[in-house]
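Have a look at the structure below before the remarks.
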Amino acid sequence: MATESSDSPYDRARPFLAVVFMQLGYSGMSIISKHALNEGMSQHVLVVYRHAVATIVIAPFAFIFERKGRPKMTLSIFFKILLLGLLEPTIDQNLYYTGMKYTTATFASAMCNVLPAFAFVMAWALRLEKVNIRKMHSQAKIAGTIVTVGGAMLMTLVKGTQLDLPWTKGYDQIASTGGLTQQDPIKGALMITIGCFCWASFIILQAVTLKSYPVELSLTAWICFMGTMEGSVFAVVMERGNPAAWSVALDYKLLAAVYSGVVCSGLAYYVQGLIMRRRGPVFVTAFSPLSMIIVAILGSFFLKEILIFRKVRKVLLANSGVYHRRHC
């Protein structure tokens, strides 16, 4: 990890600005994708279309700008790319979108607050993150991790009073899930949590892969391509006998595939690769609570999602854990 002592203030601020814009992009994806799922789009097909779009957009840039400096593809690197395409594009996103169908966009984003905790523990175990238990800074990281996971777990178990906001009157929680799927917060939370574990594994493996294959655009293109291929196999199996699931029109379904493909797969994989080579994998995940706050506000307005008072408090508890880890 490069030192920043000689960098200008702007250079030091760029990683922070980049991860903030990434979270803004993820927030938009949550709202648009939830709308598409509410309209009946298959989450498995969405994953395939998302990475097909990302591959089409990123591959030409990788071919043009990294043609001369691209390292030779080895069997070890190729195996890592296969695993990267399986972990995040295929397993994580299928679980995340399915979990979102069982809950709400706000709940799904809030559950992703366990991502920094998973990433920290994995990075610590693999010695990508330095931890000295005798130092206050490291103790704060460990305490924050425990608080984060505890807050996320309490969210799934605690019921509370609805916040009656003017723009959500007349709606209930069934409206928040589109009425197409029986709401099941426990099942949804479990799927999202497992997905976040795969997402954290993906981020750690991406950081490791970049050490031997330090071309962010090419790696992004390969990940998206493998995600498309592997996701297609899974989607064909899950949607067998339902060819209508693959149809799209000029609606939110197409918008969800294009937006999430360009912004949240193509650009996000590339940008986080750039950031983690400089600041490490844990830094990339540390700003995920920002997305939850934005999604909660936008979901309330555009999806008429009902906010639950006690669950809002549990979300704040989880967020305080992430903040504690990052700043103490």
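Placed from the backbone N, Cα and C atoms, the Cβ positions cover glycine too.
Summarising the annotation, TrEMBL assigns transmembrane segment to 16-36 (among others).
TrEMBL lists 19-155 (among others) with the feature domain 'EamA'.
Per TrEMBL, transmembrane segment is recorded for 48-65 (among others). Cβ atoms under 8 Å from those of the transmembrane segment (48-65) belong to residues 89, 93, 215, 217-218, 220-221, 224-225, 227-228, 231-232, 235, 248, 256-258, 260-262, 264-266, 269-270 of the same chain, restricted to positions at least 6 beyond its ends.
Taken from TrEMBL, the feature transmembrane segment applies to 77-96 (among others). Beyond its flanks by at least six residues, the transmembrane segment (77-96) meets 43-44, 47, 50-51, 71, 108, 112, 191-192, 194-196, 198-199, 201-202, 205-206, 208-209, 212-213, 219, 222-231, 234, 265 of its own chain at Cβ-Cβ distances under 8 Å.
Marked as transmembrane segment by TrEMBL: 102-126 (among others).
Annotated domain 'EamA' per TrEMBL: 187-322 (among others), in sequence order.
Residues annotated as transmembrane segment in TrEMBL: 189-207 (among others). Long-range contacts of the transmembrane segment (189-207) within the same chain: residues 80, 83-84, 87-88, 91-96, 98-100, 102-103, 107-108, 111-112, 114-115, 118-119, 122-123, 126, 128, 152, 155-156, 219, 223, 269, 272-273, 276-277, 280-281, 284-285, each at least 6 residues beyond the stretch ends and with a Cβ under 8 Å from a Cβ of the stretch.
Residues or ranges marked as transmembrane segment in TrEMBL: 219-238 (among others).
Residues annotated as transmembrane segment in TrEMBL: 250-270 (among others). Counting residues 6+ beyond its ends, the transmembrane segment (250-270) has Cβ neighbours under 8 Å at 22, 25-26, 28-29, 32-33, 35-36, 39, 41, 46, 49-54, 57-58, 89, 206, 216-217, 219-220, 223-224, 227 in the same chain.
What TrEMBL lists as transmembrane segment is 282-303 (among others).
Mean pLDDT across the domain 'EamA' (187-322) comes to 86 in this model.
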